[in-house]
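Per TrEMBL, the features are:
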- 4-128: domain '1-deoxy-D-xylulose 5-phosphate reductoisomerase N-terminal' (DOMAIN)
- T10, G11, S12, I13, N36, N120, E122, G201: NADPH binding site (BINDING)
- K121, S147, E148, S172, H195, S208, N213, K214, E217: 1-deoxy-D-xylulose 5-phosphate binding site (BINDING)
- 143-225: domain '1-deoxy-D-xylulose 5-phosphate reductoisomerase C-terminal' (DOMAIN)
- D146, E148, E217: Mn(2+) binding site (BINDING)
- 257-374: domain 'DXP reductoisomerase C-terminal' (DOMAIN)
Amino acid sequence: MKTITILGSTGSIGTQALEVCREHKIKVKALAAHSNVKMLAEQVIEFGAEYACIYDENKLGELEKLLCGRGVDLLTGMEGLKTIAQLDGVDIMLNSVVGMVGLVPTLTAIEHGTDIALANKETLVAGGKLVINAAKEKGVMIYLVDSEHSAIFQSQQGNSMNRVKGIILTASGGPFYGKTTEELRGVTVEQALNHPNWSMGNKITIDSATLMNKGLEFIEAMWLFDLRPEQIEIVVHRESVIHSAVEYEDNSVIAQLGVPDMKIPIQYALLYPNRVHCDVKHLSLTDYGRLTFAKPDYDTFKCLTACIKAVTAGGILPAAVNGANEQAVAAFLAGKISFLAIGELVTEVLENTENKEIHNVDDILAADSAAREYVAKRIEEGQYQ
Ligand code: NDP
Ligand code: MG
């Protein structure tokens, strides 16, 4: 029986991962959330976790009350996440928090020698080189939860001796596929949160609407599969049935298909290399009838272009565009800026950041903070309503 810990257990990925744990009898040793104490406490009780971390210190008292007398070790803040990342007797730590805050716990777990199941894409975008090098050095496996990267990994099974020519990274196109910049001017938060195929947390849903999500995945793919930008083709595939594909030396393309349901890649990451029953719908290709493919619109969806430019230049720029995006998305969700402002702010940060090499985690955190401050200041100045 595997033993896991989950950072971000109350979110979209975290709750689905717990369903997998329930069905496949995976032992859960520790759980962490940001502020949803009630759900966290319920999960800790149901799964018999020995450690519970609530990141928001102000909620610790409430958690104490809810778990009183159960012998659970209670933790808080970054120190709490790091404690979980260093627990012994853990096979996999699932990192499914949202945002750059996941970077330090990931590095801590790798340092400890614990394998990672990674959903938290911001970690690899900002700290790709450090994370990948540390994992190689420690012989730690990174199992991929994001459906596209899981599909690429799955399409490589049994092909380790063959040269990868490139990958096809599929994109649903989000709720605003085919729209012009003019048509996107008045977009509301509600419209942006209405994703056609996937039900996910708010931040990634907005990232999917701006196509930032595909930009983040492009960067993630480069690090995970050791690819150059020109080896990755982004293809808009509205139906989200082909979850991505790998092209080999002989021009054969191997893809992974399935209904759009995160349970499949979550379960594959947690139970690898086993394929066992998964509680999702059967894929009926005849129900779909036809699958469609198109090029993305790089002019309208500025975030995607900014990510590709950032990773092509390298250094701190991916961390900067990610930080700018996190700050801008939070402002959009809070009703402070328009939808189009997200892409404009991300582009502005890309163009105004002086690039530097990354030597350590502090360089990444500094780039992230500088980008966030820049965006916060521009919004405060009233430039981007
Ligand atoms: P959600 O917003 O649904 O959930 C985020 C989770 O992280 C919540 O449990 C939240 O706790 C927790 N959290 C946030 N900040 C902290 C913190 N500082 N310390 C501890 N816990 C924290 O996000 P998703 O599940 O949708 O996404 C999670 C990650 O997975 C993102 O990086 C996303 O890009 C990636 N991903 C998601 C997919 C999806 O289908 N949802 C698909 C592929 C990748 P609380 O509830 O208390 O706020
Ligand atoms: Mg994805």
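Cβ atoms here come from the backbone N, Cα and C positions, even for glycine.
Just so you know, TrEMBL annotations never went through curation; they're auto-generated.
Features as recorded by TrEMBL, highlighted on the structure.
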residue	record	DSSP (3 states)
T10	NADPH binding site	coil
N36	NADPH binding site	coil
N120	NADPH binding site	coil
D146	Mn(2+) binding site	coil
H195	1-deoxy-D-xylulose 5-phosphate binding site	coil
G201	NADPH binding site	coil
N213	1-deoxy-D-xylulose 5-phosphate binding site	helix
Spatial neighbours, same chain, of N213 (1-deoxy-D-xylulose 5-phosphate binding site) - Cβ under 8 Å, 6+ residues apart:
G174, I204, D207
I'd like to verify something. Among the binding-site residues E148, H195, N213, E217, which ones have a C-beta closer than 6 angstroms to some atom of ligand 1?
none
Candidates D146, E148, H195, E217 (binding-site residues) with Cα within 10 Å of N120 (NADPH binding site):
D146
Among the binding-site residues T10, G11, S12, I13, D146, E148, name every one whose Cβ is found under 6 angstroms from ligand 2, counting any of its atoms.
D146, E148
Given the binding-site residues T10, S12, N36, D146, G201, which lie within 10 A of K121 (1-deoxy-D-xylulose 5-phosphate binding site) by CA-CA distance?
D146
Counts by DSSP class (helix H/G/I, strand E/B, coil) across the domain 'DXP reductoisomerase C-terminal' (257-374):
70 helix, 2 strand, 46 coil
Kindly state the mean pLDDT of the domain 'DXP reductoisomerase C-terminal' (257-374) in the predicted structure.
97
G11, G201: which of these binding-site residues has the highest Cβ count within 10 Å of its own Cβ?
G11
Of T10, N36 (the binding-site residues), the residue whose Cβ has the fewest other Cβ atoms within 10 Å:
N36
Within the domain '1-deoxy-D-xylulose 5-phosphate reductoisomerase N-terminal' (4-128), how many residues are helix, strand or coil going by DSSP?
64 helix, 27 strand, 34 coil
Count the Cβ atoms, other than its own, that fall within 10 Å of the Cβ of S12 (NADPH binding site), considering every protein chain shown.
19
Counting across all protein chains present, how many other Cβ atoms fall within 10 Å of the Cβ of H195 (1-deoxy-D-xylulose 5-phosphate binding site)?
19
Restricting to the record's 1-deoxy-D-xylulose 5-phosphate-binding residues (K121, S147, E148, S172, H195, S208, N213, K214, E217), give me the longest CA-CA distance in Å as a whole number.
19
How big is the NADPH site in terms of the longest C-alpha to C-alpha distance among T10, G11, S12, I13, N36, N120, E122, G201, in angstrom?
21
